[in-house]
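Student: One structure, pasted below without further comment.
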Amino acid sequence: MMPPELQPRLFRPHISSSSSEPTFNSRFSPSSFAYSGRIAIALVPCAAFLLDLGGGPVVATLTIGLLISYIVDSLNVKFGAFLGIWMSLIAAQISFFFSSSLISSFNSVPLGLLAAFLCSETTFLIGCWTSLRFKWLQLENPSIVVALERLLFACVPFTASSLFAWATISAVGMNNSSYYFLVFACVFYWVFGIPRVSSFKTKQEAKYHGGEVPDDNFILGPLESCFLSLNLMFMPLLFHVASHYSVVFSSAASVCDLLLLFFIPFLFQLYASTRGGLWWVTKNSHQLQSIRIVNGAIAMVIIVICLEIRVVFRSFGKYIQVPPPLNYLLVTVTMLGGAAGAGASVLGMISSALSSAFFTALAVIVSSAGAIVVGFPLLFTPLPAVAGLYFARFFTKKSVSSYFAFVALGSLMVVWFVMHNYWDLNIWLAGMFLKSFCKLIVANIIIAMVIPGLVLLPSKFHFLTEAGMVAHALLLCYIEDRFFNYSSIYYYGMEDDVMYPSYMVILTTLVGLAVVRRLFADHRIGQKAVWILTCLYSAKLAMLFLSSKSIVWVSAALLLAVSPPLLLYKEKSKSASKMKSWQGYAHAVVVAVSVWFCRETIFDALQWWNGRPPSDGLLLGFSIVLIGLACIPIVALHFSHVLSAKRSLVLVVATGCMFILMQPPMPMTWSYHSEMIKAARQSADDISIYGFMASKPTWPSWLLIVALLLILAAATSLIPIKYVVELRAFYSVAMGLALGFYISAEFFLQAAVLHALIVVTMVCASVFVIFTHFPSASSTKLLPWVFALLVALFPVTYLLEGQVRIKNVFSDNVAWGWDAREEDKKVTTMLAIEGARTSLLGLYAAIFMLVALLIKFELTSLLREKFSERSGQSKTTQGGARGMFPSRMRLMQQRRATSIQTFAVEKMSEDGAAWMPAVGNVATIMCFAICLILNIHISGGSSQAIFFLAPILLLLNQDSDLLSGFGDKQRYFPVTLAISTYLALSSLYTVWEEVWFGGNTGWGVEIGGREWFFAVKNIALLILTAPGHIIFNRYVWSYTSKHTDASPMLTVPLSFAAVVITDVFQVRLLGVLGIVYSAAQYVISRQQYIKGLRYI
């Protein structure tokens, strides 16, 4: 029967537009797209398949485009984000055409072009779906969103069924490819072809028609629905003819394929008409019912006959115990009678006493004929007849006792069939004897037959339904685990691989989850049963990814531990925590225990990923990370208001990540070595492949882990160093010791003399950083001395590193004379000293950078506080004068903003913190100088590196001594000055090096030679670039220049000449910078002039 909203209506009164509705379209109702889930089911796998075909170029293009669109959308540029998404899709499609090889893959130009068109259509539909997510498009262009919705529902079934079939055929081959296409066509017709009400049409008209929705409120019209029906009925058949045209009429089975590929979707279309699938044919329910009965009967007869020829007698002929021609008659009666009964029940034709009698007789005949076909003894033939009678009585009178009687008799028949066909076979199947396996299968079948009867019992017996469902799920998991992970058969000395298909695991999982959802929706099972069943059915999917023997049970245990916060506690109020504190701790403990139970599976996964057994530290790290990730639902859903829970979760995950990165050595008492792990680590493959490798001591990684954990604990306030000064001091010393010993042992293991100095350096740095961020009453007086000690330790450590080892080497050479081995040792020692000194430079550069950043942050926070204080004090005095003298008040605000830094410096002097700007400046200059030295040592003085190093000077501050005239206005002056100066000096050095060492084997000192001409020319060009840089640096210092001043633009020809003529890269770079500086100065001065005119 058709649903009420699809019944024909006899009267449609005119509906006038309401004055409250938009005048542009009274039928439009702006709302969110209600069918995004259906579109996602179809288009998201299609997009993944296209990305797999396109490869890296398509992924990179799409990622960059979507990132740009996201940035534009975050700037609230609506149309720009919309245009960016479409441009990203177009660029990705163009990249797909160049990166994929469709024509060569299909070995046919027409097929390649057709596939390219299909991929382009998919990309277009993805763009249409994305466009519906923009709310402004619905408000500004209501007709467009309605058209896009109709376009998606009309085109997605064609595209999705084709791409899904393409992907499936690529995975499993062309065998039965037409049936794959048939399945996907039926699925997507059911999802999109059944009439749906538009998301963007108002539903207020329903009250004028007794709840009936007008036809024009449906998404699809009659034409689109007709095309979808034609696609369902004819496309699988046409695909089969096109792909198997050479064998279409080669045999009876091939002819049956043609008939099945037409009549199966035709029968499905008739079934869909009960949900309104043929609303576009007629609105008369009696005519539709006649169409279903007549056409359904014809289709059913043809399908049954074809299935007998194509499937039953070909694949299951050995189970048919009746000789021909009686076997054909009985099989036809069984199949056709069963199909007729099922069809009659679906169409609702069993409603009267006469129809019930016919159905009962049909059930008795079908069950008896089926029993005779499989060889059931004739003496016991009344048993299946009585079973069919009880089944018909249950179906017609809803008698639960009749159903259980049917189950009892049906179970006897199942047991007889299994024992008659399999019990005497001596076969080792799936890790056990076939008899044991038969017991499990029979038990699972009986439980599956009992469950429908338990569902119909009163609510007080629903626990039996839950127990039956859980028992059935456990048996199914065990059977599929044995089939999938123990896929071998042994029979009389012959072994063969038996593959349990992966799609069966997916199919049983989906069916199980669907049944669970339906039973829960009908209130037949409770929330806890849903939780257990969902975890069990989902755990089976892990078999598709990992080959561990216990993967199903391990995954089930982990899911049972992780999922309670998601599936349980749903009936509590949302205003407070749904889970009590003790429950949260209990769930966290259960999660930890379940992860420990999964340790061997984690070991297998890591071994598969790395290709070798993981270390104990790596295994422990992944286990801790997995515990943290599994506890996220507990914290996010039930303790989101508890800050300590979030901090603890971050600390756990960070600890696991540190164990993964550091992989510290584990004590024997901490490590777990099962028989499987011992067997994996005792393999000699590593030695035979990689040989014996010298292991580096990894115990210092524990020190770094301790230091990082201390940092995280302090950052999350688990250690209250902010409030207890003594704890802060102990914490800073412990941090310095841990970092100092780690750096000494990890990077300076052979330089023992440096250990004490490095430890003292790290302790000083830790004390300075922590007490600068959390000062105490006396720390402001001691911290300058701590920083002075830190600066003094730098040259001492640097010089002492080389002198001790050099002295030892030379003393050995003097004592023993010259020796080639001693010379090699000397060279090795000098290289080691050079590397150690470079590492020391990097260490001190990082320390001074950290100090400079910290002081810049503290001073910026102080300036913001002082500015907000002064702004708050001046609001009352400015309130009355603002309306009378606006220009004067603006000028006062500007002067106040420029003088706030001077005030802050004076205030810091009063608070005893005037040393902070000077210390920050010293740290910045030291860091910049050390980085320049490292640039010379590592890259040979690269000119491009100055553009990355000069921004360090942005950390300079205004102080009362060194940079008293330096303010926020001049913050870019040191950067531009450093770049210009460095490039100029580098140019001079390059010219000098070319003159004295270039072109000759000796010293190039010939006056008037090529080298001297080279020097004069490039030095002159270097001088030509100086005016542009000088003018721009002066401008960056003051930001004052007349807009009529043409001096910046006059320097452009000079810089351009240097760019064109010079032979030195640094001079050319200076010329390019001079041109850029001149243009930037002109643009900025012009903008300032325009703003000044607006201000006036």
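In case you wondered, yes, glycine gets a Cβ from its N, Cα and C as well.
Any TrEMBL annotation is an automated prediction that lacks curation.
Not my notes, these are from TrEMBL:
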- 1-25: region 'Disordered' (REGION)
- 15-25: compositional bias 'Polar residues' (COMPBIAS)
- 109-130: transmembrane segment (TRANSMEM)
- 151-173: transmembrane segment (TRANSMEM)
- 179-197: transmembrane segment (TRANSMEM)
- 245-272: transmembrane segment (TRANSMEM)
- 325-350: transmembrane segment (TRANSMEM)
- 528-545: transmembrane segment (TRANSMEM)
- 551-569: transmembrane segment (TRANSMEM)
- 649-666: transmembrane segment (TRANSMEM)
- 702-721: transmembrane segment (TRANSMEM)
- 728-745: transmembrane segment (TRANSMEM)
- 840-859: transmembrane segment (TRANSMEM)
- 944-960: transmembrane segment (TRANSMEM)
Student: Going along the chain, which residues at least six beyond the ends of the transmembrane segment (109-130) come within the CB cut-off of under 8 Å?
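Tutor: Distant contacts of the transmembrane segment (109-130): 36, 39, 43, 46-47, 50, 53, 85-86, 89-90, 92-93, 96-97, 102-103, 148, 151-152, 155-156, 159, 162-163, 166.
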Student: At a C-beta cut-off of under 8 Å, are there same-chain residues at least 6 beyond the transmembrane segment (649-666) that contact it? List them, or none.
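Tutor: Residues 615-618, 620-629, 631-632, 635, 698-699, 701-702, 704-705, 708-709, 712-713, 716, 718.
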Student: Taking a Cβ cut-off under 8 Å, which residues six or more beyond the ends of the transmembrane segment (944-960) line up next to it in the same chain?
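Tutor: Residues packing against the transmembrane segment (944-960) from afar: 849, 852-853, 855-856, 859, 901-902, 905, 909, 914, 916-918, 920-921, 923-925, 927-928, 931-932, 935, 966-968, 971-972, 974-976, 978-979, 982-983.
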Student: In the same chain, who gets a Cβ under 8 Å from the transmembrane segment (702-721) while lying at least 6 residues past its ends?
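Tutor: Distant contacts of the transmembrane segment (702-721): 644, 647-648, 650-651, 654-655, 658-659, 662, 664, 727-728, 731, 734-735, 738-739, 741-742, 745-746, 770, 774.
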Student: Using a Cβ cut-off under 8 Å, which residues of the same chain at least 6 positions beyond either end of the transmembrane segment (179-197) come close to it?
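Tutor: Apart from its flanks, the transmembrane segment (179-197) reaches 5-6, 35, 38, 41-42, 153, 156-157, 160-162, 164-165, 168-169, 203, 213, 217-220, 225, 228-229, 231-232, 235-236, 239, 261, 264-265, 268-269, 272, 275-277, 279.
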